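Engineer: I'd like to ask some things about the structure below.
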């Protein structure tokens, strides 16, 4: 029994390390592909569209042809139109704007700006009637916002176009999480991450295809023949899908607290390693202090939400599934 628990513990840590490595690695890979100094594929719309098409095809092959994974049943046209469509649109918006930001700002600074996410989610949640304003939450939101402002003040090479793109991605992700919350509470359909990607990826691809036609296709045509390195682009898409699979493994083998701690560790790994890997990243003491303050606020927010969910689980068994679904939706990669 002791050996079995030890083996399960080792396996859990292995899944967490895999998630942290793939999540941070995918961010670096995207920056490397998009950077004009590296691969020179400065088409974030095109890259994100490739990710969604690849994800759609692989999900279909795995679930419908090879049948090695199962798609949760219960999806109806009404649920698809009222839930999957807005979630897919916001997911596409998040990935598009977030990847575009890498053309203008460093990976580390983009990660610091992402720390404002709980504030956006909470404000939109209050507006949607999903959250309740309290003095404690107002204090936590103030700490996070102050930390992000300090980190921004300490940024040496700030580019406001990149900041706007990144904040737009944050708003898109916050809206996606709000729609996921409504999806779980009002529709009652609970999906694992593979099922979510199976349903969401095709519509996200459609949402990305239309602006790609008008904004990037002509630029890619002007570049000459589409002779971008196919092996690297396919490998990039494979890494994206592997990240989605690692999310599924982490969710099924860990607790919500462990997942949130892993997310914070991943954020710091990205910030610190990017300073080594990319020449456009220059960290300052003010940067790091501000980010540390913001992460402390994020940790307080996570702790508050976990306690709230735990109290809900003890009082209502049905909320346990909702809590699990929210946990899954928050882990879906946004790069």
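Backbone N, Cα and C define each Cβ position, glycine as well.
Annotations in TrEMBL come from automatic prediction, not curation.
Remember, it's a predicted structure, so these values are computed and weren't measured experimentally.
Copying in the features that TrEMBL gives for the protein in this structure:
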TRANSMEM  12-29  transmembrane segment
DOMAIN    15-302  domain 'Sugar phosphate transporter'
TRANSMEM  41-66  transmembrane segment
TRANSMEM  78-97  transmembrane segment
TRANSMEM  103-130  transmembrane segment
TRANSMEM  137-154  transmembrane segment
TRANSMEM  160-184  transmembrane segment
TRANSMEM  196-215  transmembrane segment
TRANSMEM  227-250  transmembrane segment
TRANSMEM  257-279  transmembrane segment
TRANSMEM  285-304  transmembrane segment
REGION    311-335  region 'Disordered'
COMPBIAS  318-335  compositional bias 'Low complexity'
Engineer: At an 8 Å Cβ cut-off, counting only pairs 6 or more apart in sequence, do the transmembrane segment (285-304) and the transmembrane segment (137-154) clear the bar of 3 or more pairs?
Structural biologist: yes
Engineer: Between the transmembrane segment (137-154) and the transmembrane segment (196-215), are there three or more CB pairs that fall under 8 A, provided the residues in each pair are separated by 6 or more in sequence?
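Structural biologist: They do not touch: fewer than three Cβ pairs between the two stretches lie under 8 Å.
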Engineer: Using Cβ atoms only, state whether the transmembrane segment (78-97) and the transmembrane segment (257-279) have three or more pairs under 8 Å that are 6 or more apart in sequence.
Structural biologist: no
Engineer: If you count Cβ pairs under 8 Å, which stretch among 103-130, 137-154, 160-184 touches the transmembrane segment (12-29) the most?
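Structural biologist: The stretch with the most contacts is 103-130.
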Engineer: Are the transmembrane segment (41-66) and the transmembrane segment (227-250) close, by which I mean at least 3 Cβ pairs under 8 Å that are 6+ residues apart in sequence?
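Structural biologist: Counting Cβ pairs under 8 Å (6 or more apart in sequence), the transmembrane segment (41-66) reaches the transmembrane segment (227-250), since there are 3 or more.
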Engineer: Tell me, what is the mean pLDDT of the domain 'Sugar phosphate transporter' (15-302)?
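Structural biologist: Mean pLDDT, the domain 'Sugar phosphate transporter' (15-302): 87.
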Engineer: Pairs 6 or more apart in sequence, C-beta under 8 angstroms, 3 or more of them: is that satisfied by the transmembrane segment (160-184) and the transmembrane segment (227-250)?
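Structural biologist: Answer no: the transmembrane segment (160-184) and the transmembrane segment (227-250) share fewer than 3 Cβ pairs below 8 Å.
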Engineer: Cβ under 8 Å to the transmembrane segment (227-250), counting only same-chain residues 6 or more beyond its ends: which ones?
Structural biologist: 15-16, 18-19, 22-23, 25-26, 29-30, 33, 39, 41, 47, 50-51, 54-55, 58, 192-194, 197, 259, 262, 328, 331-333, 335
